[in-house]
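Feature annotations, courtesy of TrEMBL:
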- 12-32: transmembrane segment (TRANSMEM)
- 89-109: transmembrane segment (TRANSMEM)
- 129-145: transmembrane segment (TRANSMEM)
- 146-435: domain 'NADH:quinone oxidoreductase/Mrp antiporter transmembrane' (DOMAIN)
- 151-172: transmembrane segment (TRANSMEM)
- 179-202: transmembrane segment (TRANSMEM)
- 232-254: transmembrane segment (TRANSMEM)
- 266-292: transmembrane segment (TRANSMEM)
- 298-316: transmembrane segment (TRANSMEM)
- 363-379: transmembrane segment (TRANSMEM)
- 391-415: transmembrane segment (TRANSMEM)
- 435-456: transmembrane segment (TRANSMEM)
- 480-504: transmembrane segment (TRANSMEM)
Amino acid sequence: MAEAIVPYVLGARILTLSLLISLAATILFPAIGPRGKALALLSCTTLLLPGFAGLLAYYAYKSFSPSITDPTLAVIPQIGRITFFVDGASLPVLIGASFVGGIIALYSLPYMRERLEEMGLDESHLVKYYVLYQLFSASMIGVVLSNNIVIFYLFLELSLVTSFLLINWYGYGDRRRIAILYFVWTHVGAVFFLLGAIIYGLNAGTFDFYTAEGGLLLGYAEKIADTTLFKVALYTMLFGLLVKMAVLGVHFWLPYAHAEAPTPISALLSPVLIGLGGYGIFRIIFTLFGVLPSNLQQFLLFLALATILYGGFNALWERDLKRIFAYSSISQMGYVLLGISTLSSVGVAGSLLHILSHSYGKALLFMIAGVIIYLYHLRDVEKMGGMAHRIPYSAMAAMTGFLTIAGSPPTIGFWSEVLIVGGFVKAYPVLGASHFFALLALLIIGIGLTIAYSFITMKRVFFGTPSSELRARGEESENVYFKGTLLLITVLSMLFFIAFGYLAHESIKVTEIVLGGTR
């Protein structure tokens with residue numbers, strides 16, 4: 001087994017401290033009470049903190065090592081050496097989770113006030129909402145910074161429990177049934193992942209996949225002497241993470257949960273949470289078990305393309321705006337899985353950057369769905385039309401969001417899809433000519449579907465003649481919270497289009513190490 005290059009150890013626990021501050025902020029929320037602006041501002045600043053800490057620490061010290069870590073926080077017998085770290089692979093996922101989480105905290109304030117009033121609840125519930133929202137958002141950041149499977153799992157569980165409660169208490173439609181559906185399906189994935197993790201940890205002697213002393217523990221699963229146990233650990237953990245991604249066949253829960261969740265939560269569930277499944281496959285499976293067998297690689301390539309097509313066709317046929325975006329998220333996870341399945345440093349780096357791209361693009365789109373629900377109480381796109389002159393900021397942001405998920409410049413989505421397609425081309429020797437060109441044709445259809453549902457939805461919502469139902473509702477416009485948050489994420493998507501080279505270079509550097517060379 002090989003070990004990664006030695007990381008640079010920070011003199012202070014900057015990453016740990018920033019994460020703890022974002023978690024500990026929940027203690028202050030009850031003391032603040034239902035003072036909405038203070039709640040939103042505290043949540044925003046503390047959630048942005050880990051992203052900025054990771055970004056600054058990485059670029060300040062990356063000349064010493066492509067991996068930056070806090071000193072070891074604790075050594076727990078049979079569990080491992082606990083610390084928090086960031087490298088070129090985790091950085092895009094970290095700044096996606098942190099920045100989107102922080103910005104949505106501001107967006108939440110007017111939206112949830114309206115939602116609570118609609119439900120007949122007083123503003124004391126705003127405190128409960130922000131406590132759960134903060135734990136949900138911070139736990140996803142904790143997943144990205146974790147070095148140990150147990151800590152990874154505990155943070156992932158915290159994100160699932162808090163999002164379940166948010167859907168159950170503040171969602172739409174048959175929210176309690178949908179919350180239970182979400183809870184059961186995501187915990188099917190959790191049980192499989194945990195089973196594989198336990199088999200791995202007990203046989204390898206540690207649950208670490210990274211240490212402050214040695215970096216990434218590449219190929220450490222070779223310590224499992226029993227070939228059968230090795231395979232069981234690999235396949236059960238992989239299946240659990242695929243459920244988290246909601247790929248085709250284990251996707252049933254996603255259109256319901258993401259469509260009926262409170263819209264600020266939808267704007268984190270679809271863009272960020274499901275992407276952590278893809279991140280986990282790279283971070284844990286590839287690190288510990290190495291490159292996947294060729295038959296499994298081919299299966300995952302087929303599954304990825306089937307997921308792209310399934311999500312794309314359903315998004316094209318759907319009328320409910322939030323369900324369109326939910327099916328789109330399934331399709332986008334197909335792209336993430338496609339890049340991972342190429343087993344090339346370029347393709348896998350593209351997937352990690354696509355998680356960042358999707359976090360910005362899909363957050364924008366769900367936020368816009370929320371603006372329309374907030375102002376006009378509409379979700380059926382057939383009852384919209386001509387909204388560009390009513391909510392121009394939303395129209396501008398929607399165009400950016402659709403360009404991002406469609407992989408078009410000037411957004412970061414363009415570059416992430418270029419890398420994924422480049423990685424797919426590198427899979428040619430594994431697939432052979434006939435399979436490669438058949439899958440390439442499916443990929444072209446999938447990309448065409450993404451473009452089609454993106455711009456058809458844009459036209460149906462923002463252009464054309466307004467429906468009679470919309471005309472009857474009068475003129476409304478976005479408030480300052482909506483305008484500001486939409487503008488911020490729009491700028492981020494375009495900013496990272498320009499700065500993409502820096503992120504891509506650092507990501508590829510790490511994926512090459514994990515995949516064992518310049519694949």
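Each Cβ is built from the backbone N, Cα and C atoms, and glycine gets one as well.
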Contact call for the transmembrane segment (89-109) and the transmembrane segment (480-504): at least 3 Cβ pairs under 8 Å, seq gap 6+: yes
Folded-back contacts onto the transmembrane segment (266-292), same chain, C-beta under 8 angstroms, at least six residues removed: 89-90, 93, 96-97, 100-101, 104, 107, 136-137, 140, 143-144, 149, 152, 156, 159, 163, 189, 193, 200, 204, 209-210, 216-221, 230, 233-234, 237-238, 241-246, 254, 257-259, 300, 322, 325-326, 329, 333, 336-337, 340, 343, 348, 351-352, 355, 358-363, 366-367, 369-370, 511, 514-516, 519
Surrounding residues of the transmembrane segment (232-254) on its own chain - C-beta under 8 Å, 6+ positions past either end: 156, 181-182, 184-186, 188-197, 199-200, 203, 221, 224, 270, 273-278, 280-281, 284-285, 289, 303-304, 306-307, 310-311, 326, 329-330, 333-334, 336-337
Distal contacts, the transmembrane segment (480-504) - CB-CB under 8 A, six or more residues away: 88, 91-92, 99-100, 103-104, 106-107, 109-110, 349, 353, 356-357, 360-361, 363-364, 367-368, 371, 374, 393-394, 396-397, 400-401, 404, 409-415, 419
The transmembrane segment (179-202) in contact with the transmembrane segment (363-379), cutoff 8 A, at least 3 CB pairs, sep 6+: no
Distant-in-sequence neighbours of the transmembrane segment (363-379), which means Cβ under 8 A and at least six residues beyond its ends: 100, 103-104, 107, 110-111, 114, 263-264, 266-268, 270-272, 320-322, 325, 328, 387, 391, 394, 397-398, 400-402, 404-405, 461, 469-470, 473, 476-478, 482, 485-486, 489-490, 493
Residue numbers, six or more beyond the limits of the transmembrane segment (151-172), whose CB comes under 8 Å of its CB atoms: 82, 112, 115-116, 119, 128-129, 132-133, 135-136, 139-140, 142-143, 178-180, 182-183, 186-187, 190, 193-194, 197, 244, 257, 259-262, 265, 268-269, 273, 276, 280, 283-284
